[in-house]
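Taken from TrEMBL, the feature Zn(2+) binding site covers C333, H384, H509. TrEMBL lists 1-60 with the feature domain 'TGS'. Residues or ranges marked as domain 'Aminoacyl-transfer RNA synthetases class-II family profile' in TrEMBL: 241-532. Under the heading region 'Catalytic', TrEMBL lists 241-532.
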Amino acid sequence: MLVEISGKQVEVADGASCADALQEGLSKKQFKNVVAAKCGDAIVDLSTPVTETCTTIEPVFADSEEGLGIIRHSAAHVMAEAVKKLFPTAKVTIGPSITDGFYYDFDYERPFTPEDLEAIEKEMLSSVGANKEFSRTVMSKAEAKKLFESKGETYKSEIMDDLGGDEFSIYTHGDFADLCRGPHVARTGQIKAFKLLSVAGAYWRGDEKNKQLQRIYGTAWEDPKALKKYLTRLEEAKKRDHRKLGKQLDLFSFSDEVGPGMSLWHPRGMLLRAILEDFERKEHLKRGYQLVQGPIILKRELWEKSGHYDNYRENMYFTEIDEQAYGIKPMNCLAHMIIYKRKIMSYRDLPQRYFELGVVHRHEKSGVLHGLMRVRTFTQDDAHLICRPDQVEEEILDLIKFYKDIYALFNYEFDVELSTRPEKSIGSDADWELATEGLRQALDKSGMPYAINEGDGAFYGPKIDFHLRDSIGRSWQCGTIQVDFTLPERFDIVYVGEDGERHRPVMIHRAMLGSIERFIGVLTEHCAGAYPVWLAPVQARLLNVTDAQADFVKKAEAFLVSKGIRIEADTRNEKLGYKIREAQVEKIPYMLVIGDKEVEAGCVNIRSRDGDDPGMVTLEEAAQLILDAAKAPFKAGGMSYSFSG
Ligand SMILES: [Zn+2]
Ligand SMILES: [Zn+2]
């Protein structure tokens, strides 16, 4: 039979496997790094026979996204094998691959300890060393149930009942068999670099009412070098953990007394937020947005009308006032539409661009809450652009430019994804086509490279997602742009066209930074707490050497405050070295040291956080230097933004 391998025609024998075919079509060196095969859109085991139905075969390499997913998921199987060997009474549940790694949930009588993890890792190494083959068999439901029940694996039975169907595939390597759709690496020896990372409690099916399980997290990579790089990144991430820095810099905290997933903002953190939010308001006003605000709670009927009650209810909170049910808003769209409807809009009034720093509440499961990155109460920098269909493309182009300018200010590079219509969606084919084309054409015109995420749009419309890449290579989804034809329809919002008739406008939902909380969390880790000077809540700190300079410190403080600089004075009776060390830990951009010599000259001695030492300068010069540093990123980002304006 003739098959095509990466564009090359190769003759293979009847009954040959994908591995045989790939071996023919690739060099030895290339083939060594192949973990699976791609037949059309399907990724299959290398052992899968080549058939007439798929004669175009592509290799899946170990270092590709798909290849890594397969290696990681295979590592989860090997981990389960090791756990069952060391702790025979543990029951296996599920073990998927995740971003950068994998996990497996076990039902076991106690949490696993770090020593257990070491032992499990050792056992895994021995399984990898034995280079066991992964083999796939298909069984009837009855057979599969019998197999797992004989091993006491009750969860697998439950999973089969849930999945439905009469046949299931089972993957076996060594003595360990698992219910699994596959694919897998051909042999355990292809799992060349892995490490177990941590244990956490997790509930069966993520439901707190169910039994608590023990989840072991691990990571696996194509080779030891890639693993090492990742572990170094993890170490770096730990150092930058925003929850740790939040305490160290006295910015924000969480409290059990208040509730999980709800942040408390301390004076310094709130100042940082206020500067960021103030900046956002100004930037939006400059671009023709109008500031609006709706209430936190809105009548339940409104959420029924919008479809949120049907599609999003589990994530919402409800309350009752005077026998009227209310929903606490998880999004800001509805009030904006009511605001739009306050008067008759004509085609000349469009687009209407409403901006709100809107506080929303979403019920996230307690297990997924994580510092500021995943909270239950947060503020979105949300806007709704209500425009004529012919304005959609230009609005989106402007948005892309806007986002680009702002992200550059924080030294972010970013990736863009266009998500198209999902299987479950509302709205007509024509509307989806129009909306998706609008987004696509705007992206093409912007010249920005983008990936397409087939079927990952919102149920009411396609969207563009912006993923920020941070300084240690992680990616964070922050900005979105969504085109929506449905809500205008449901709320019957209209404009009067040139023809004097009523027409339906299009609604664009968009958030640039996303959640302010999350953005600050991401930014804190991106810059390791050393915020750009324009945003730092404390830009400079005055440090005196002895009490003798106290009066001059006061005078200097008053002068710098008058120049609009956010300054603190540390006049404690501590050693200068100690005070400098503390300012460094708090990542204060500038330390202004004042000793007798400086008092005499009417100067300060500047030391910067980055190690620059401009030395002795006058107060006037010090003020200018700090103000220039605060403006610098705006110049670099190509924005004409005056800090005081
Ligand atoms: Zn599997
Ligand atoms: Zn919205």
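Using the three backbone atoms N, Cα and C, a Cβ is placed for every residue, glycine included.
Automated prediction, rather than curation, is the source of TrEMBL annotations.
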**Study point:** CB-centroid shell, 8 A cutoff, Zn(2+) site C333, H384, H509, site residues removed
**Key:** M331, N332, H336, M337, D382, A383, Q482, D484, L487, M507, I508, R510
Check your understanding: Sequence gap of 6 or more, C-beta under 8 Å: which same-chain residues meet both conditions with respect to H509 (Zn(2+) binding site)?
Key -> C333, D382, A383, H384, T480, I481, Q482, D484
Practice item. For C333 (Zn(2+) binding site), just give me the three-state DSSP call. Key: helix
Point to revise | Helix, strand and coil counts within the domain 'TGS' (1-60) (DSSP) | key: 13 helix, 24 strand, 23 coil
Study note, to complete from the structure: Around the Cβ of C333 (Zn(2+) binding site), other Cβ atoms within 10 Å, all chains included, total 21
Practice item. For the domain 'Aminoacyl-transfer RNA synthetases class-II family profile' (241-532), provide the mean pLDDT of the predicted model. Key: 94
Point to revise | All-chain count of other Cβ atoms within 10 Å of H384 (Zn(2+) binding site) | key: 29
